[in-house]
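Have a look at the structure below before the remarks.
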Amino acid sequence: MADQARQAELFELDNGTMRVKIANLGCTIASLSVPGKDGKLADVVLGFDSVEPYLKGAAPFFGCIVGRVANRIKEGKFTLDGVEHSLPINKPPNSLHGGHKGFDKVIWEVADYKKGYPGDVAVTATYTLTSSTTMRLDMEAVPENKATPISLAQHTYWNLAGHDSGNILNHSIQIWANHITPVDQNTIPTGEIMPVKGTAFDFTTEKKIGTSIHEVPGLGYDHNYVLDCGEEKSGLKHAAKLKDPSSSRVLDLWTNAPGMQFYTGNYVNGVVGKGDAAYGKHSGVCLETQGFPNAINQPNFPSVIVRPGEKYKHSMLFEFSLE
């Protein structure tokens, strides 16, 4: 690992208003600072001060890009063009976020090669500060020789009050989704597309995250929302609007992906982060735009298969404001 530690480093983007630090390990957003209503900058993502804890695996996917296939694949198996593929079962009984060594655990620079999935894939991710308080992420992937499932996700844990401010249950959110894909006891989608109206999953109008979280089976929200009703602008649709009442910070998220994992940091437990902040359950919220989980094994879900000659494209726009 020593060799890898020398190569892992942090890069800063700063446009005078917002400041972002990105690690080449996992293409990770390690910090993102934006002003609150008092004009003061606060770092609104969970993470670590240096690259070492990321290298040691201390983070439950803090800030990184996960892939080759984000989320869960049932029993780590799928068949493509008549060939069965088996993946590492790193989250029994399923394969999660690309297996033991997903895209989050490699130093990005060279195209990344993996065993398990068919063929080789060249992947790029570009972070751009497009205005004083807006960041864009463009992810692209090209299969080099064989068809393969590809679905990347950006796994940042957001806390708009500041990474060290406690839980996000007081944040409110609106999600432009009339449906979710419900899951079985192993968190694998059943294949059903379920309307959210009248359930604890309904965020079609702005609602506090903590309002109905106790009605959700398990420890909180960890569900794929079907992004089916957001307005469009420049090829991206409105996915979510996250708001923190204490700082007045707002994050509007736009994407071209069909789904979004809404995850309330249910499994974060005593992680010591930046400035020795202790991150507990619900310390951050993830808004992971993505292909639907286990889509490779669900014929009625939008396909995540990309064939040679095709290009996977996934863009996200993070717009910060005060309200």
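Glycine too: its Cβ is placed from the backbone N, Cα and C atoms.
Quick caveat, the model's predicted, so the values are computed rather than measured.
The active site, proton donor annotation in TrEMBL covers His155. Residues or ranges marked as active site, proton acceptor by TrEMBL: Glu288. Sequence annotations record features per position, and here TrEMBL assigns beta-D-galactose binding site to Asn71, Arg72, His155, Thr156, Tyr157, Asp222.
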**Prompt:** Where His155 (active site, proton donor) and Asn71 (beta-D-galactose binding site) are concerned, what is their Cα separation in Å, rounded?
**Reply:** 10
**Item:** Residues satisfying Cβ distance under 8 Å from Tyr157 (beta-D-galactose binding site), sequence separation of at least 6
**Value:** Val45, Leu46, Phe62, Gly63, Gly265, Val268, Tyr279, Ser283, Gly284, Val285, Cys286
**Prompt:** What number of additional C-beta atoms lies within 10 angstroms of the C-beta atom of Asn71 (beta-D-galactose binding site)?
**Reply:** 27
**Item:** Other CB atoms, at most 10 A from the CB of Glu288 (active site, proton acceptor)
**Value:** 23
**Request:** List the same-chain residues at least 6 positions away in sequence whose Cβ sits under 8 Å from the Cβ of Asp222 (beta-D-galactose binding site), in sequence order, or say none.
**Result:** Thr187, Gln261, Phe262, Tyr263, Thr264, Asn266
**Prompt:** Near the Cβ of His155 (active site, proton donor), how many other Cβ atoms are there if near means within 10 Å?
**Reply:** 25
**Prompt:** So what sits near Thr156 (beta-D-galactose binding site) in its own chain, CB-to-CB under 8 Å and at least six residues off in sequence?
**Reply:** Ile29, Leu32, Val45, Leu46, Phe62, Gly63, Gly284, Cys286, Leu287
**Item:** Arg72 (beta-D-galactose binding site) versus Glu288 (active site, proton acceptor) - Cα distance in angstrom
**Value:** 13
**Message:** Among all protein chains shown, how many Cβ atoms are found within 10 Å of the Cβ of Arg72 (beta-D-galactose binding site), not counting that one?
**Reply:** 21
